[in-house]
Amino acid sequence: MDADADSDSVSSVGFGDSMTGSAGFVTNAAGRMMTPGYVDIHAHGSWGSSFDDGVQGIRMARAGHMMHGTTRQVLSLITNPLDVMCANLQTVRGMMGARPDILGAHLEGPFLALSRKGAHDPECLKDPVPEYVDRLLHAANGCLRQITIAPELPHGIDAIRRFAAAGVVPAVGHCDADYATACRGFDAGAGIMTHMFNAMNGLHHREPGPIPAAVEDPRVTVELINDGFHVQDPMVRLGFGFAPHRIAFVTDAMAATDCPDGHYLLGALDVNVIDGHVRLASNGAIAGSTLTLEKAVQRAVLELGFTPTDAVEAATLIPAKAFGFDRANPVTKQPLGLLAPGYAADVLLINPAIWAVEHVWCDAHLLR
């Protein structure tokens, strides 16, 4: 494979001698596998820092995920007072010009169901009235990619329409919606289900809820946390059977990712990390993960028996498609998610025996 560092894109893919000859930088990939860079559309932090922690926090957390092969990331921001969320959006927007690895922001809150709040501060949850929608859109100034909304809230469906009309992809999640309401949410413009199975009413044969609404709808990308803890392995396999080629692996990773067990903060809330599992100190609720996409793909191939193609697709092309990043677009310029001419030169060199990332290129630049 040849990459053009000037255009930051893949120039050719094939077998034989390089089309660039001996002038370019050459990496011997014998016995290794090359994949597109991983794309995480739902993560909150790493390396002791959160994406809510300002410029330095974002830099640190992005470095942590980059070392595990996540070359592009939508930065998820947790529920906070609205003015804090607006300020955090402005920080993300201000970094995007110089950081093509940052795809924008995902607001996980504040428009969540109290009964399915998970690790979000209940004092900050709100109904998405037009005033709040407009404030967030104004603060984002084009950087908001995704927002999770419980569609059963009084203004939930209207807010989904408003965000979708502004070019944001609403996501159904942290909800107690019945099947019909979830379907209305997707018809109103929601295009993602936030971490399927978690923080929502589950499957029931007489009360189907939001999960069947998502998996039945070919327009919907379905997030899934493949860490063996948030979702048990039989349900991961079931999810892939429900929605083939529409499952996007996400990490929902928080600041303790790649850090020792111990006490951490998730926004203003105290959390404890024990054996890599994150729970609120107050009530034991799951509070994000310490997962990386490297580990999610590794588990899928080595522990669940997925084909490498299906596992890698769930961490590359499928999340890219959720925002139209799999084709030419004004945000990433070159499309993401494939190793093909014209696509962004985001490349991983993988040891296929253990599915570990050995080298990382982003925009044709070697970072690890």
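Cβ atoms here come from the backbone N, Cα and C positions, even for glycine.
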Of the candidates HIS155, HIS195, the one that TrEMBL places in the Zn(2+) site of GLU108, HIS174: HIS195
Candidates ALA119, ALA353, ALA356, ALA364, the one TrEMBL lists with ASN198, ALA199, ARG206, HIS230, ILE286, ALA287, GLY288 as binding substrate: ALA119
HIS195 (Zn(2+) binding site) versus HIS230 (substrate binding site) - Cα distance in angstrom: 9
Position of peak Cβ density within 10 Å, selected from the binding-site residues HIS195, ARG206: HIS195
For the binding-site residues HIS174, HIS230, the one whose C-beta sees the most other C-beta atoms within 10 angstroms: HIS174
Residue pair GLY288 (substrate binding site), HIS195 (Zn(2+) binding site) - Cα distance, angstrom, rounded: 10
Residue pair HIS195 (Zn(2+) binding site), ASP252 (active site, proton donor/acceptor) - Cα distance, angstrom, rounded: 8
